[in-house]
Amino acid sequence: GDILDAYLRTDGVWIFTRNKQFYKTNNEKECADKCEAERNFTCRAFLFTRKKLQCLTLAENAKMAVAFTSTDAVLYEKIIYLMQCKRGIGTDYRGTEAKTQRGIPCQKWAEKIPHKPNYTPEKYPNAGLEENYCRNPDEDEGGPWCYTTDPAMRFDYCAIPDCEDQVTQTGEGECMQCNGEDYHGEVSRTESGLECQRWDVQEPHMHGFILKHYPDKDLKMNYCRNPDGELRPWCFTTNPNKRWEYCNIPRCNTPPPVSGLDLQCLSGKGEDYRGRIAITESGNACQHWNTQFPHKHGWIPDRYPCKGLEENYCRNPDGEKKPWCYTTNSSVRWEYCTIPPCDRTEQGIAGMNNVPVQVPLAEECYRGKGQSYRGTASVTVSGKKCQAWSSMFPHTHIKTPDRFPDADLRDNYCRNPDGDSSPWCFTTDPNTIWEYCNLKRCDDHTQE
C-alpha cells in the first residue's frame, strides 16, 4: 500500500518539538521515507510545508507536544504511536501504558533496579523499548508486559484492550451501510484507538453537536456517529490534542435496505430518483460521475455507495432542491435536470414554484463572493467543523435562518448571508468565533 497509509494526516497544524531534523523534499511521500529512515531518534511524525517543500521529521507527535495552527503545514503522525489498543499479541504496540494489569508502575527498560533486564533498548533497538512503556519484545502470547517496580514481582502483563474488540463485526449495528449516516452501534474508539468524548459534554472539546439541535442523529453516550454527512462515522476524542477522528467501522456484508422505490419520477427533492435521464434542463449532456473531466469534483461513486451515482444519470446526493449533474460543457460546471413529477398534484405544486432562479454553484467552488453558493462544505480553512446556523453554541449570533430566509442557512453548511468576501461559518471551536471556509473560487471560465 501507500506509505502514507500508516500515518494520520492533519491539515493546518504545527507541533513544537525540540528533537527534529530538517530535510528538503519534493512531496509528502519523500518526507515519509525520511521519517522511516531516521536514525537520530524514533520518528513518530513529520511536518511538511507545501510552499517551502520543507520536511521536518519529529521525535514527538501531537499527544506529546504542544500543537498550534499553521495554515501551510501538514502534520503526519504514525498511527502506530497513537494507538492505545493492541493488534494480535501486540508486538507492534507503541502506546504509552506504563503500569501492569495490577496497577504496579513499570520499571524503565534502560534501568537495572529493582530487576536486571534481559530485554534492553541496546539489545532490541527495534522493539520500541522506550521509557517504561508496556511492550512485547519477545512475542509473548500473553501480550505486552513490563518489568515491575515491585522487587517481589519481576514482570507482569499490561491491560491493553484489543483493537479487534473495538469493532464486533457480528454484533447487530456494528457494521455500517452506505456512509454510516444511519449507524447506531456502540463503537466508541477512533481508528487510532483514542476513546471518544461524550456528545453531551464539552470537555476537552467544546462543540455544537448537541442532541436538541440534531434530534434524529442518535447522539448517545460517546458512540461514533455521522451527523454531518462525513465519509464515515467519527467522534470528538478525549485527547485534548486531537479534536476529532474517524472510527474504524466495517461495511456490512448485506446489501443496504432499499430506500424508497428507486423512483423513475420526481418525488420531493428527488433524492430517491434512480431514472436514466442524463441531460440538464438547458440541454447539456451530463458528465459521468466516475470521471474528473471536464470538471473535478468530490462525488466519487466508490465513496458514496448509496447515492446511485451510476453512469452520468441525474441525481441528488447532497439534498439540493432537485436532481442535477456536472455537465460535459467545460464552461457550465453543473445544472439541474428536468425530471417528470410522480403525480399531478406534485406537478401542480412544481408549476407554482417554477420561478427562474440563479443556478447556485456546486459544492467545491464559489463564484464572486459566494452568496449563491449552496453546496455542503462545512469545514473552515484551518480544518474546524462549522457550527449549525440554528445553534447558539458555542457561539451566540444573529445570523439565523429566520433572519436571513433567502440565504439557505441549512445545517452547518458554509454560506455568505451578509455579503462578506467569501462563504464562511461560525466554528465549533469555542476559541474561534468564525472563519472563512475551505473553498476555492471557480475558475474565470465558469459561466454564471
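Cβ coordinates are placed from backbone N, Cα and C, and glycine is handled just like the others.
Taken from TrEMBL, the feature disulfide bond covers CYS175-CYS252 (among others).
Within 10 Å of the Cβ of CYS235 (disulfide bond) there are 26 other Cβ atoms, across all protein chains. Per TrEMBL, the feature disulfide bond maps to CYS196-CYS235 (among others).
TrEMBL lists CYS224-CYS247 (among others) with the feature disulfide bond. Spatially close to CYS247 (disulfide bond) yet at least six residues away along the chain are VAL187, ARG189, THR190, GLU191, CYS196, CYS224, ARG232, PRO233, TRP234, CYS235, judged by Cβ distances under 8 angstroms.
What TrEMBL lists as disulfide bond is CYS265-CYS342 (among others).
Residues annotated as disulfide bond in TrEMBL: CYS286-CYS325 (among others). Within its own chain, CYS325 (disulfide bond) has ALA278, THR280, CYS286, GLN287, TRP289, ASN312, TYR313, CYS314, ARG315, TRP334, GLU335, CYS337 as residues 6 or more apart in sequence whose C-beta sits under 8 angstroms from its own.
All chains included, 25 other C-beta atoms sit within 10 angstroms of the C-beta of CYS314 (disulfide bond). The feature disulfide bond is assigned by TrEMBL to CYS314-CYS337 (among others).
Residues or ranges marked as disulfide bond in TrEMBL: CYS365-CYS442 (among others). Every protein chain shown contributes to the tally, and the Cβ of CYS442 (disulfide bond) ends up with 20 other Cβ atoms within 10 Å.
The annotation disulfide bond is assigned in TrEMBL to CYS386-CYS425 (among others). CYS425 (disulfide bond) has a Cβ environment of 26 other Cβ atoms inside 10 Å.
Annotated disulfide bond per TrEMBL: CYS414-CYS437 (among others), in sequence order.
Here TrEMBL flags 1-80 as domain 'Apple'.
Sequence annotations record features per position, and here TrEMBL assigns domain 'Kringle' to 84-163 (among others). For the domain 'Kringle' (84-163), the DSSP-based tally of helix, strand and coil residues reads 1 helix, 13 strand, 66 coil.
What TrEMBL records for 174-252 (among others) is domain 'Kringle'. Taking the domain 'Kringle' (174-252) as a whole, pLDDT averages 86 in the prediction.
The feature domain 'Kringle' is assigned by TrEMBL to 264-342 (among others).
According to TrEMBL, the feature domain 'Kringle' maps to 364-442 (among others).
Closest to CYS252 (disulfide bond) by Cα-Cα distance, out of the disulfide-bonded residues CYS342, CYS386, CYS414, CYS437, is CYS386. In this structure, of the disulfide-bonded residues CYS175, CYS224, the smallest number of CB atoms within 10 A of the CB marks CYS175. Counting Cβ atoms from all protein chains shown, CYS265 (disulfide bond) has 15 others lying within 10 Å of its own Cβ. Counting only the Cα atoms, the space from CYS442 (disulfide bond) to CYS425 (disulfide bond) is about 19 angstrom. For the domain 'Apple' (1-80), the DSSP-based tally of helix, strand and coil residues reads 16 helix, 38 strand, 26 coil.
With a 10 A radius on its CB, CYS342 (disulfide bond) counts 17 other CB atoms from all the protein chains. Sequence-distant neighbours of CYS437 (disulfide bond) (same chain, six or more apart, CB under 8 Å from its CB) are ALA377, SER378, VAL379, THR380, VAL381, CYS386, CYS414, SER422, PRO423, TRP424, CYS425, listed in sequence order.
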